[in-house]
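**Q** In case it helps, Swiss-Prot gives these features for our protein:
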type	residues	note
TRANSMEM	23-43	transmembrane segment
TRANSMEM	52-72	transmembrane segment
TRANSMEM	97-117	transmembrane segment
TRANSMEM	120-140	transmembrane segment
TRANSMEM	144-164	transmembrane segment
TRANSMEM	202-222	transmembrane segment
TRANSMEM	238-258	transmembrane segment
TRANSMEM	303-323	transmembrane segment
TRANSMEM	348-368	transmembrane segment
TRANSMEM	391-411	transmembrane segment
TRANSMEM	447-467	transmembrane segment
TRANSMEM	475-495	transmembrane segment
């Protein structure tokens, strides 16, 4: 018997999301206009809380849908205007271009990145050294590329290697369901569990590496570009401004990587089983023998394009998104990717997040129009200039660990800029606050997958169930990094940021605009 019209509509609404989640969103949509009539300020904060809730529940439903419905309603009832949303989007066009073109551009360099991580995995036998190499490689790549893409590449390597060994362990040559362990021989099971532990630790080291590298440059994370634009900094300026905090944090983060592997804490320390290494080495040798001259040329071309990318970013030869577009054109032209559908696949990863970011800007417009953050900013600005830095860092960190850091970074840098333009703080203090906001947004956010887009991407990937990486386990494995990165970042903001920045100015390396 066919279901009723009402039941059909209910099932279609937000698809596979749980019924309680659908009901919660409907309640939000009914309550918001009523509260807005009574108190626009309270309604504005309620909208922000609801939006953060949709981000926290990203595994139940992609936040673009519920967040978009809330944003559309906010414009309809007058919490902000469509014109203001357009202005916010226009002001952040560079960020949208970064997400659209840079992420897609790096997609066409995946073969080179896969080659690099495969060589690392099979060439280095020491687990401590291998973990450090993955962390450093991910950090370096994330300083110039998009963190999501770097994690996507490492996931591709891990899924590929897991699949190779899983087929051997289940004594099957054809493609099988990787989640089906029913055909695994008993003596392979222990080895497979050890291999899962090994891959889990590598993935977490790589994920944290993207955060360590991503905070250092203006293209490492989308919010960095927003902050750099608000402060008027180019690539080199941004790197130097952040370095009093980011360099000590990077060093301590890498030491943490070695420590947890050495002491086998928090689920780290599992080594690559020798049986697995033999299987993977055989497969790699076979692949190398089958690699044609055309394949080798592709790798060389991608490496040259990588050099162009780093050079163009460092010298600020064009807007970041346009440099990404040049990478797409060069990579596709010189590696023979000419089919429209093949090119289109490169954009599937970035466009949903680009659309979500546009919804962020709608909520930012509400925050500005309803002056929601004014009380918090006033509280922070009443403190001494020295204390302001730590307070901004802490407030950013708390919110970033449960919400998306692009959203948080955008809000706080807008408020700080408004305070500077109104004369509440000096330009010099504003530039120091921009560093505190950027580091506070990026570093503590490794605490949960909600804060780091790369972590959320890993958690929702096909790899996570294969290696038994759950939300709780990810939070537990990230804990040592969360503590070290957050505390070292706070100490650097408190004690090294102002004096080192002053010294840079005296040396003539940076200047206040």
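Cβ from N, Cα, C; glycine included.
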**Q** Pairs of Cβ atoms less than 8 Å apart decide it: which stretch in 52-72, 97-117, 391-411, 475-495 has the most with the transmembrane segment (348-368)?
**A** 52-72
**Q** Would you mind listing the long-range same-chain contacts of the transmembrane segment (303-323), meaning Cβ under 8 Å and 6+ residues beyond its ends?
**A** 94, 96-98, 100-102, 105, 109, 112, 144-145, 217-219, 225, 234-236, 330-331, 334
**Q** Which stretch from 52-72, 97-117, 120-140, 144-164, 238-258 shares the most C-beta pairs under 8 Å with the transmembrane segment (391-411)?
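**A** Comparing 52-72, 97-117, 120-140, 144-164, 238-258 against the transmembrane segment (391-411), the winner is 52-72.
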**Q** Under 8 Å, at least three CB pairs between the transmembrane segment (447-467) and the transmembrane segment (120-140) (pairs 6 or more apart)?
**A** no
**Q** Among 23-43, 52-72, 144-164, 202-222, 238-258, which stretch has the most Cβ pairs under 8 Å to the transmembrane segment (97-117)?
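**A** Going through each listed stretch, the top one turns out to be 144-164.
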**Q** For the transmembrane segment (52-72), name the stretch out of 23-43, 120-140, 144-164, 202-222, 238-258 with the most CB-CB pairs under 8 Å.
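**A** The listed stretch sharing the most Cβ pairs with the transmembrane segment (52-72) is 23-43.
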**Q** Of the listed stretches (23-43, 202-222, 238-258), which one yields the highest count of Cβ-Cβ distances below 8 Å with the transmembrane segment (144-164)?
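**A** By Cβ pairs under 8 Å, 202-222 leads among 23-43, 202-222, 238-258.
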**Q** Do at least three C-beta pairs under 8 angstroms join the transmembrane segment (120-140) to the transmembrane segment (23-43), pairs 6 or more apart in sequence?
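**A** Contact between the transmembrane segment (23-43) and the transmembrane segment (120-140): absent, because fewer than 3 Cβ pairs are under 8 Å.
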**Q** At a C-beta cut-off of under 8 Å, are there same-chain residues at least 6 beyond the transmembrane segment (202-222) that contact it? List them, or none.
**A** 95, 98-99, 102, 121, 130-132, 134-147, 150-151, 154-155, 158, 228, 233-235, 238-239, 242-243, 246, 249-250, 253-254, 257, 268, 313, 320, 357, 405-406, 438-439, 442-443, 445-446, 452, 454-455, 458, 463, 467, 469, 474, 477-478, 481, 485
